[in-house]
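So that you can see what the record holds, here are the features copied from TrEMBL:
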- 6-126: domain 'MSP' (DOMAIN)
- 127-155: region 'Disordered' (REGION)
- 145-155: compositional bias 'Polar residues' (COMPBIAS)
- 183-210: coiled coil (COILED)
- 217-237: transmembrane segment (TRANSMEM)
Amino acid sequence: MSSGELLHIHPQELQFPFELRKQISCSLQLSNKTDNYVAFKVKTTNPKKYCVRPNTGIVLPRTTCDIIVTMQAQKEAPPDMQCKDKFLLQSVVAPSGATPKDITPEMFNKESGHDVEECKLRVVYVSPPRPPSPVQEGSDEESSPRASISENGHSSVPEFTAASKAFNEHAEQDGSIEARALISKVTEERNSIIDQNKRLQQELELLRRSAKRGGGGIPFIYVVLVGIIGIILGFLLKRT
């Protein structure tokens, strides 16, 4: 923590868990340990890369103020993950009761005789936090429902084996039920086609008999139609 006469600043460097194509933020805390109103202003050497909120403000006596610094998403990583960007935080005593609207650039002008404190902050890239491991350790592992495996590769938990066996039997039963249903459906369709074929043959025989009695012959078109139907029924019987 930087211990200036007006503001204490924590931390002393801006640490960003760097990741490509991702916007990253970090925070600064300003602590006013005095009985005065203190105005502050934040500057950076690369204003297009960073967004500071708030970049100016008033810290009331014996209070703190948090600043959020956001780095825009980067398309490329810097060489050796080293960053040359820097920040400058300026602070000066403000009139009692001052608000952020009362802050002017002139307040931070040393040439005008104002006593301005300055603190330089550097930017540091750090590794992003690792995601939590999906496998729990310690006492949690003892209460885990997973089956432990012995050196010979067999499960040492009988409940796990019984559950696996029951699951396999259930799956086999489901498969046999579906197979029986499919066989029953195919058999019904085959029987239906056979019955239709028998009825057509009976009708054809009746037509032949009636033609003999009437002394006439069966129309050629009707014979062709019956033949085509018989071929189709025979094809369907072969498929089933």
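First residue shown is number 1, and so on along the chain.
Backbone N, Cα and C atoms are what each Cβ position is placed from, and that goes for glycine too.
Secondary structure counts, DSSP: the domain 'MSP' (6-126) has 13 helix, 61 strand, 47 coil. Regional average pLDDT for the domain 'MSP' (6-126) in the model is 95.
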